[in-house]
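Trainee: I have a structure I would like to understand better, so I am pasting it below and will then ask my questions one at a time.
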Amino acid sequence: MSDSDVALATPVELDDQPAWTPPTWDEVVREHADRVYRLAYRLTGNSHDAEDLTQETFIRVFRSLASYKPGTFEGWLHRITTNLFLDMARRRSRLRMEGLPDDTDRLAGDDPSPEQVYSETHLDPDLQDALDELPPEFRAAVVLCDVEGLSYEEIGATLGVKLGTVRSRIHRGRQALRASLERRRELTREASA
């Protein structure tokens, strides 16, 4: 390589490594859509909000993909999804609107919906209901830890909070889950007695 070649080469080319090229939109969606939807569903507790959150996540990814610095792509997706969920929860706490029941103008089918099948095979409905009762910050921390299997450090990076805050949110979230599940068990016992 001559001196003029060295001056024109990028640092990556000097290391004989190919430059990072972002994946295509199709590759990102195909590879990560299920995981993003699953996290969104666990955070929101319903399919409509999960679909909206998944769509918003991929829109944000599409807009930011060119500026993404290679690292843990899944962690980046978790962070975007979780931050968008927290934003959505904050907006909703300011705007309290009553929606129509989910079964309005729908005919009942014989087969369960994909969301029902997934919910029934993965999390107990009482547990999902108890998760839905948690404040958004606690729910996000507990879901990322206990459902998605992220480490405390990864959760801290995803939520943009310190490790002590992560531990506190998980501890308090789990306490609230235990209390909620115990109340549900008591109600079930009383109803069956």
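Glycine too: its Cβ is placed from the backbone N, Cα and C atoms.
TrEMBL annotations: computationally assigned, not manually curated.
Computed from a predicted structure; not experimentally measured.
Sharing the features that TrEMBL gives for it:
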- 100-109: compositional bias 'Basic and acidic residues' (COMPBIAS)
- 29-94: domain 'RNA polymerase sigma-70 region 2' (DOMAIN)
- 127-177: domain 'RNA polymerase sigma factor 70 region 4 type 2' (DOMAIN)
- 100-119: region 'Disordered' (REGION)
Trainee: Mean pLDDT for the domain 'RNA polymerase sigma-70 region 2' (29-94), rounded to an integer?
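Mentor: Mean pLDDT for the domain 'RNA polymerase sigma-70 region 2' (29-94): 88.
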Trainee: Using DSSP, break the domain 'RNA polymerase sigma factor 70 region 4 type 2' (127-177) down into helix, strand and coil residues and give each count.
Mentor: 42 helix, 0 strand, 9 coil
